[in-house]
Structure formats: structure tokens, C-alpha cells
Amino acid sequence: MAKIRVLVVDDSATMRSLISAALNRDPDIEVVGGAGDPFEARGMIKALNPDVVTLDIEMPNMNGIDFLEKIMRLRPMPVVMVSTLTQAGAEMTLRALELGAVDCVGKPADATGTQEALAEIVAKVKIAARASVRTNAGAAPTSAPTRRKDFMPSGDIVAIGSSTGGVEALLSILQLFPETCPPTVITQHMPATFTASFAARLDRSSGAKVQEASDGALLEPGKVYVAPGGATHLEVVRSAGLRCRLVAGDPVSGHRPSVDVLFNSVAHAVGDKAVGVILTGMGRDGAQGLLTMRKAGAKTLGQDEASCVVYGMPRSAFEIGAVERQVSLSSMGQSILDLASARR
């Protein structure tokens, strides 16, 4: 099998060297070049035709966001963004994911985190090489989304799990959610410093109130709760109503927070009064949990292969019988509301 050809773009020669060395140590990857700024990178993309580009966000002359926008318009290809894990870096990275970057990786902050960060870059480059590239990501919508003004809650809650490609998918879904939407809990695989900014970004585009989940928060209609990244898993529990619970623990299915943990807790807490949704992402996280939800009587949906950036999590769930129906991303928001409506 041919090696994955990678172009590394970073204004720091040290960082280019570190990333390139880590990638070249993997037998499936070949670094074909390194560029110090977007103008140099533009010529190298034309000359070298890489399979994947790793792109620093903060660079001189032209920042990574502007360059990514040009790439996605003129020559769409898999791009992995490399960003500092700061508030400003989070905002820019979320914009990059909206524009069509496959995934983001945090730059190592110190020597102790270098090997872990470099290993993550290698893993995400491999995922990116198999990803479907969206050529119209980040484009302005032709018209404002039509939200369900007649939506009547049935008392069901909605639980959603996503990973690679989930930023665009969740934005697409939640922009259709009205102020009366069912209580919704989300686990999206994302660095800890990004989830608050991500919740705020979703909040600006949705009719619902979207917030980062806090321990003990009461689940209410019209509200969406996003699992904090990093240290805890998000669960739903019964305690004077339905509430969010943040639980410390080891990664489950390779992740913390884990979609499996969320789905299992929803099955236990509400049984058949739920809609479970598994979206684009690599791996198997969420598949077993969604099956548990379906066995408890919940309605379940999976994103279809054609609209996924990475058809991994939904495929795993579908293959074990956890998915009742596969739905395209363009129809997913409406399908969720239909299943959670008192009028169905």
C-alpha cells in the first residue's frame, strides 16, 4: 500500500522538524516537504501533491485560517490543524473545522507533553488520509434555517455522540433546534480548552440555549448540554429530575469523555424516553452504548456514510444493530425532532 504523503506547514523550524520526524517514524507515512509560511506551502502543494497537510494556525504573512479557506476553495484536501491550546487558539480552530479541516491537534506546551502530542498528530494524519473532504464547508448558507415553530416536546431527551467531523455536523443539526427543543446532551471528542468555545459557537447558531455541561445541571426543554473535554465523562442521572453528572474516571472506548458512557447512562435513566444519535467519527465509541439504548426502547439514528467525514462510529453502531435508521446530515436535525415530538 502506498504511503501517506504529508506536507508540514509551520513557521517554526523546530516544530516542523519535530512533527516531520514523528510522522516519518511511522512506516505508513512519508513527509514530502516542509513549508515555513502559506506562500511557500502553496507552491509545494502544487509541486508535491500531498495526501494530507498539517497546518499551523498562527503564522506570519497569512494566517492558517485564511490559507485553509483558499485550499478548500481551490484545491480541497485533508488538512489537520495544529493549534495552541488557548482560548484564542480554540476560536480559530473551531473556525478551521467549520471551513473543512478534518481535525485539530494541540501543540505540545512543554517537553513532558511533546511525545503525546506528536503521537496524536500521527494518529490524526492517518485518519485524515481516509476522510471525506467537504468542498463547501464553511460556505454561507443560501437561506436561513427553518426551525420547527410547531414542535411539541414529548418528554423524551436526545443524546448525541460525535468525533471527527462533528463540529460541522452539530452546527448543521442544532441550527434547526427551536427554543422548545427536547433536553439534549452531547459528547463530542474535543480538547478540554475547546468545549466552552464550541458550546458558545453552537449557542449563537441555534434556537436552543447551548452550554457546557456542569455537574448537577437540571436537564430542561430548550437547552443543550455539551460534555466538557478532558477530565470527566458526562452522564445523565435521576436526582430530583434528570441532571448532568460529571464523573472522573479512566478513558472508555479510548476516550474521555466517552459517548458509550453517556449513552449507557441515558438508557439507565430514561429507558424508552430517549432518542440516541451517533454521528461522524473514527473508531467504535458509542456503538455499544447506542445498542444498550435501543434495547431499552429508545429510538436510534446513525449518520449515513455519504455525509460522514469519517464513517467509523456510525458504521460500528450500524453493524451491531444499534442503529434503527441511517440518515443523511442534511436530514438529521429534522429526523431527531420528528422522533422526539409529541405529534409523531
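Here the Cβ of each residue, glycine as well, is placed from N, Cα and C on the backbone.
Note that the coordinates shown come from a computational prediction; the quantities given were computed from them, not determined experimentally.
Quick look at what Swiss-Prot lists:
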ACT_SITE  SER163  active site
ACT_SITE  HIS189  active site
ACT_SITE  ASP285  active site
DOMAIN    5-122  domain 'Response regulatory'
DOMAIN    151-343  domain 'CheB-type methylesterase'
MOD_RES   ASP56  4-aspartylphosphate
Spatial neighbours, same chain, of HIS189 (active site) - Cβ under 8 Å, 6+ residues apart: SER162, SER163, THR164, GLY166, GLY229, HIS255, PRO257, GLY281, ASP285
Composition by DSSP (helix, strand, coil) of residues within the domain 'Response regulatory' (5-122): 59 helix, 26 strand, 33 coil
List of residues, in chain order, with Cβ under 8 A from that of the residue listed as '4-aspartylphosphate' and at least 6 apart: VAL9, ASP10, ASP11, SER12, MET15, GLY64, MET81, VAL82, SER83
Taken over the domain 'Response regulatory' (5-122), the model's mean pLDDT: 90
For ASP285 (active site), the number of other Cβ atoms found within 10 Å of its own Cβ: 30
